[in-house]
Amino acid sequence: MKIAVYGKGGIGKSTTSCNISIALARRGKKVLQIGCDPKHDSTFTLTGFLIPTIIDTLQSKDYHYEDVWPEDVIYKGYGRCDCVEAGGPPAGAGCGGYVVGETVKLLKELNAFYEYDIILFDVLGDVVCGGFAAPLNYADYCIIITDNGFDALFAANRIAASVREKARTHPLRLAGLVGNRTSKRDLIDKYVEACPMPVLEVLPLIEDIRVSRVKGKTLFEMVELQPSLKYVCDFYLNIADQILSKPEGIIPKEVPDRELFSLLSDFYLNPVNTVNEKNKPNLIDFMII
């Protein structure tokens with residue numbers, strides 16, 4: 001199974017991806033996480049350092065694939081998760097989609113691409129071009145990371161549009177949304193009402209999730225010294241269990257941009273209407289009585 005994780009830049013995709021990878025490994029699966037970001041820091045919390053990228057390795061070998069060995073590009077991370085960083089072209093030049101393609105090509109050459117139960121692509125920021133939508137060409141499922149904010153949900157909607165487009169020619173489905181570090185989910189619920197899709201999990205506003213990134217550790221590793229964090233790991237295990245159940249998934253129908261802008265902004269600008277809508281059923285019940 002291959003999974004592509006997308007979401008607004010800075011929303012916590014890499015932190016979430018690493019913890020999901022560990023959760024899948026804890027369920028007995030052989031997992032490979034592929035970072036698809038020029039920053040090459042996707043797997044930092046799994047390995048504890050910035051591993052060399054596929055592109056760096058290929059350049060050092062003058063792109064002679066036959067001179068590259070699995071141990072040159074695949075690094076062992078915490079919890080028996082294997083890690084690869086695709087890297088990216090120089091700033092302002094080249095195409096990120098090409099880099100993803102070269103990464104998959106090399107892993108196939110090394111007979112490594114099909115050795116794993118789960119391959120998880122952690123993809124940078126929003127989908128702004130066909131190049132960075134390239135991981136969707138290989139994925140069975142897409143997971144979108146968001147929070148309860150306007151910008152993150154707007155980005156989620158654009159990603160949903162990319163999933164729908166790719167699903168025309170690939171066996172791709174949207175597994176659902178994951179809310180990351182949010183104290184509320186009212187805006188998420190409002191969006192899902194307009195663009196129906198599963199919500200796999202909503203993680204509460206836990207500071208240790210952010211701190212784990214700085215420490216270069218997953219929550220599963222931190223819990224070894226802080227048992228009180230075990231309940232946080234259960235959120236990721238729940239996501240892993242849903243993925244392993246091979247959900248049917250959906251082909252989303254995104255909300256038009258202007259309509260979504262109006263929907264989400266109205267939620268903040270006219271909170272009274274929202275409150276009244278929530279109270280309507282109670283009023284009706286009272287009238288019936």
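Glycine residues also receive a Cβ, built from the backbone N, Cα and C atoms like all the rest.
Residues or ranges marked as ATP binding site by Swiss-Prot: G10, I11, G12, K13, S14, T15, K39, N180, R181. Neighbour list (G10 (ATP binding site), Cβ cut-off 8 Å, at least 6 residues apart, same chain): empty.
The annotation Mg(2+) binding site is assigned in Swiss-Prot to S14 on the grounds of sequence analysis. Other Cβ atoms within 10 Å of the Cβ of S14 (ATP binding site) number 24 in total over all chains.
What Swiss-Prot records for C95, C129 is [4Fe-4S] cluster binding site, and it gives sequence analysis as the kind of evidence. Cβ contacts within 10 Å of C95 ([4Fe-4S] cluster binding site), excluding its own Cβ and spanning all protein chains shown: 15.
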Could you state the whole-number distance in Å separating the C-alpha atoms of K39 (ATP binding site) and C95 ([4Fe-4S] cluster binding site)?
14
About how far apart, in whole Å, are the alpha carbons (Cα) of S14 (ATP binding site) and C129 ([4Fe-4S] cluster binding site)?
20
Below 8 Å Cβ to Cβ and six or more residues apart, same chain only. Which residues does that give for R181 (ATP binding site)?
G12, D147, L203, P204, L205, I206, I209, R210
What kind of secondary structure is S14 (ATP binding site) part of, going by DSSP in three states?
helix
